[in-house]
Amino acid sequence: MDDRQQPESKKRVVVCGGGIIGVCTAYFLAKKGVAVTLVEKSSVACAASGKAGGFLALDWCDGGPVESLARASFNLHRSLSEELNGPDSYGYRPLTTLSITVTESGPSSPSGSKSSGDSTIPSWVDGATRGPRTIGTTQTTAQVHPQLFTRTLLNTAVEKYGVEVVIGKLEQLRVEEGRVGSVVLEGGRVIESDSVVLSLGPWTGKFEMLASMFRVSGLKAHSIVLEPKDPGAITPHALFLSFHPQGGKAMDPEVYPRPTGEVYICGMSAEEEVPDDPEQIVGNPASIAMLKRVGKSVSSHLREGEARVKAEQACFLPCTDDGVPIIGEVPGMKGCYVATGHSCWGILNGPATGAAVAELVLEGRAT
């Protein structure tokens, strides 16, 4: 065939980062007909996107700079769930969300001694609780299993829209005359591209080109996943706690039952240096032990012996100095885009960020 008869070649975009933001971006680009290569250093959703709580809220970012992003993304989660069979494939479901004060009981009074006869509190929450308030309804709060969500989205992008996944470490971008032309991986592989999206999460600061422009730090957050003996007894209520441990300062852990029969508990975070390899991240034993105490104090179903500890883990949330994510084209470098710094709202804001970046890459602006 001569050139005149050949179809117009597809735009080529390399997305670096296999967490929620990179995967959502790859998904929406590929759906629009782009030839997408996703580059991930370790494995897909191996860091915060696999170990997060997966909590979604419509209006909790209201009054701040990401209000419209969060609202759009909450609604996009709902439509993606319809498209991808979210309830079955990644545990999407609406939730009632409660704020509760919990006091750690002493060894002589095990949980199972619910002190407040309040009907707001679900029956499985039988520890020493008070002051329950409903802070989210099934209209305004929901959840996904974040690792299953990220992987479902990517599998669909690969199978339906031809996304290629490459496991390799981003070494550098080749820029000619102010425009990005290719991505170079460790070991020398070069991937030609018309545009590049850098969704490196807490590893953004390790990529020199970006580290010189802005700061993204890592907040190390701990979590445990428990498997109760009777998962059917656990209702879909997300719990935001004010937890008062014996002889310690009050803390704000969170408890998320999942439709998979697990209960996820998180909290205990501190700023720490992000290691080069996501697989090297391990939890601090004292933080993990405290989360087990939280579980035991909330419910007799979550005590040792009544629940199996399925995971003890930690991950780094990507945080910016002003708490606002960094999304857009890099100044002075055509075709190079950044999407990072979503802190604890990465799973919520992933879909709208990915959809917006896809529009930005293809049309120069995002609706």
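Just so it is clear, glycine is given a Cβ too, placed from its N, Cα and C backbone atoms.
The transmembrane segment annotation in TrEMBL covers 12-30. A Cβ distance under 8 Å defines the sequence-distant neighbours of the transmembrane segment (12-30), meaning residues of its chain 6+ beyond its ends; these are 36-49, 146, 149-150, 153-154, 156-157, 161-163, 165, 170, 183, 191-201, 203, 339-340, 342, 346-347, 350-351, 353-355, 357-358, 361-362.
Taken from TrEMBL, the feature domain 'FAD dependent oxidoreductase' applies to 12-360. The average pLDDT computed for the domain 'FAD dependent oxidoreductase' (12-360) is 93.
Positions annotated as region 'Disordered' by TrEMBL: 101-139.
Among the features that TrEMBL reports, compositional bias 'Low complexity' is placed at 105-123.
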